[in-house]
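For reference, the structure is listed below as structure tokens.
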């Protein structure tokens with residue numbers, strides 16, 4: 001099955017505070033920093049080493065397991081969506097409450113369970129449990145992205161984000177290439193490939209045992225005192241007057257709750273959703289992520305229909321996954337250099353990318369050429385990853401650290417709900433139970449409807465700005481800017497420089513991606 005690209009449903013790197021701690025000085029502290037970086041990145045790399053993942057579908061449909069295509073499409077794969085919806089919120093809360101490391105261990109144990117069930121399971125029920133454990137690994141990916149920033153000072157956030165994302169992407173790419181080489185050149189059987197994956201995952205679980213457990217987390221464990229007392233939340237720093245008022249008003253709450261971030265976040269969230277750009281990109285996150293993951297979940301089954309596995313050495317799923325990972329990384333990087341006025345052109349850009357995705361999904365549905373199908377998927381995945389960092393920045397840059405986590409969590413949850421509903425109607429045998437080819441026709445229509453909505457919105461915004469431009473000229477093209485920055489620019493205000501304008505997209509949504 002196919003792995004969701006690290007960082008599709010993503011979290012963002014916290015912004016660097018204005019009163020930023022000085023970077024560690026050379027010496028013992030500097031050596032400790034580099035050892036920490038190396039170990040965290042090495043762990044992130046090894047956790048992605050699953051060379052058998054790209055070949056799970058042909059393994060299930062082949063002589064090793066001998067499941068039917070109907071069983072895999074309509075009984076086994078849908079469980080992934082249902083179980084992911086069930087475990088997403090509990091894992092999110094446990095990650096913060098338990099300070100990350102226990103959830104990383106749970107993720108490692110779940111990965112081992114997935115491959116044990118793949119190797120020794122023999123019934124549909126066993127494979128459904130396999131999908132359940134895989135959903136836990138997907139939900140737990142937030143633990144790694146949050147964990148790495150709990151151990152480094154704010155001055156190191158940007159560099160740590162860069163290193164960790166590079167390690168994760170390198171792990172995904174290396175895993176896919178290794179799997180393809182073992183199958184095509186080494187003529188390794190799929191079952192042997194799964195034993196190799198199990199060995200890698202067992203080693204990464206052992207590495208997780210040596211990870212340092214932080215004493216503080218974003219929500220539940222803020223109150224652990226540091227050298228000068230606990231640091232205030234970003235909501236406190238952004239709205240000190242409101243924070244004091246919020247602490248004074250709910251007198252009926254316990255003292256510990258009265259100062260809690262959770263007490264103030266609903267009001268802050270209500271004010272944040274009034275930002276048009278935040279609403280737009282959150283809607284894109286929900287609707288397009290749902291469609292993207294449905295394609296990722298089922299594309300390997302489609303490949304097996306287009307090109308049934310007769311000679312295992314001629315299955316190039318790993319190469320397609322590696323190419324799509326590389327293209328996704330390149331398009332994500334390129335997105336940071338796009339210079340347009342996002343308040344005006346965002347809807348049109350989204351519409352263009354969405355209609356391209358619709359065309360690629362239709363090509364996958366229509367073609368009988370496996371290479372065209374591979375190419376369409378690579379381009380589809382790359383086009384989605386192009387918009388992920390833009391959406392991440394547009395959503396995150398105008399929010400506090402606490403609200404960023406909450407908004408991304410809500411967006412991911414709503415996308416999961418939508419994906420689950422579509423799965424129940426389209427894929428599940430209790431719904432329409434459509435074969436995979438027909439499902440891709442439904443997904444084509446889905447993306448076409450999204451394109452129509454985005455294009456109509458783009459036309460309306462364009463007409464409104466055209467009328468306004470008669471009275472005042474449009475400003476020049478700008479770098480990628482947050483909604484607050486754009487508003488300040490339009491109002492003629494002086495903008496403070498962003499101290500940390502880089503946001504990690506990866507391991508951070510919902511990453512490796514799911515099987516399919």
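Positions of Cβ are set from backbone N, Cα and C atoms, glycine also.
Taken from TrEMBL, the feature transmembrane segment applies to 33-49 (among others).
Here TrEMBL flags 79-98 (among others) as transmembrane segment.
Non-local neighbours of the transmembrane segment (105-126) in the same chain are 47, 50, 52, 56, 59, 65, 67, 71, 75-76, 133-134, 136-137, 140-141, 143-144, 191, 194-195, 197-198, 201-202, 204-205, 208-209; each lies 6+ residues outside the stretch with a CB under 8 Å from one of its CB atoms. Feature annotation from TrEMBL assigns transmembrane segment to 105-126 (among others).
For 132-154 (among others), the entry in TrEMBL reads transmembrane segment.
Residues or ranges marked as transmembrane segment in TrEMBL: 166-186 (among others).
Residues or ranges marked as transmembrane segment by TrEMBL: 192-211 (among others).
According to TrEMBL, the feature transmembrane segment maps to 281-303 (among others).
Listed as Cβ neighbours of the transmembrane segment (315-337) (distance under 8 Å, sequence separation of 6 or more from its ends, same chain) are residues 2-3, 5, 7, 51, 54-55, 57-58, 169, 172-173, 176-180, 183-184, 300, 303, 307, 309, 370, 374, 377-379, 381-390, 480, 502, 505. Per TrEMBL, transmembrane segment is recorded for 315-337 (among others).
Long-range Cβ contacts of the transmembrane segment (344-365) within its own chain (Cβ-Cβ under 8 Å, at least 6 residues beyond either end) map to 277, 280-281, 284, 288, 291, 295, 299, 302, 372-373, 376-377, 379-380, 383-384, 386-387, 394, 437, 440-441, 443-444, 447-448, 450-451, 454-455, 457-458, 461-462, 465, 474. Summarising the annotation, TrEMBL assigns transmembrane segment to 344-365 (among others).
Look at TrEMBL and you will find 371-393 (among others) tagged as transmembrane segment.
Summarising the annotation, TrEMBL assigns transmembrane segment to 405-426 (among others).
Within its own chain, the transmembrane segment (441-463) is flanked in space by residues 280, 287-288, 291, 294-295, 344-345, 347-348, 350-351, 354-355, 357-358, 361-362, 365, 422, 426, 434, which lie at least six positions past its ends and keep a Cβ under 8 Å from the stretch. The transmembrane segment feature in TrEMBL is assigned to 441-463 (among others).
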With contact taken as 3 or more Cβ pairs under 8 angstroms (pairs 6 or more apart in sequence), are the transmembrane segment (33-49) and the transmembrane segment (281-303) in contact?
no
Go through 132-154, 192-211, 281-303 and flag the stretch with the largest number of C-beta pairs under 8 Å relative to the transmembrane segment (371-393).
281-303
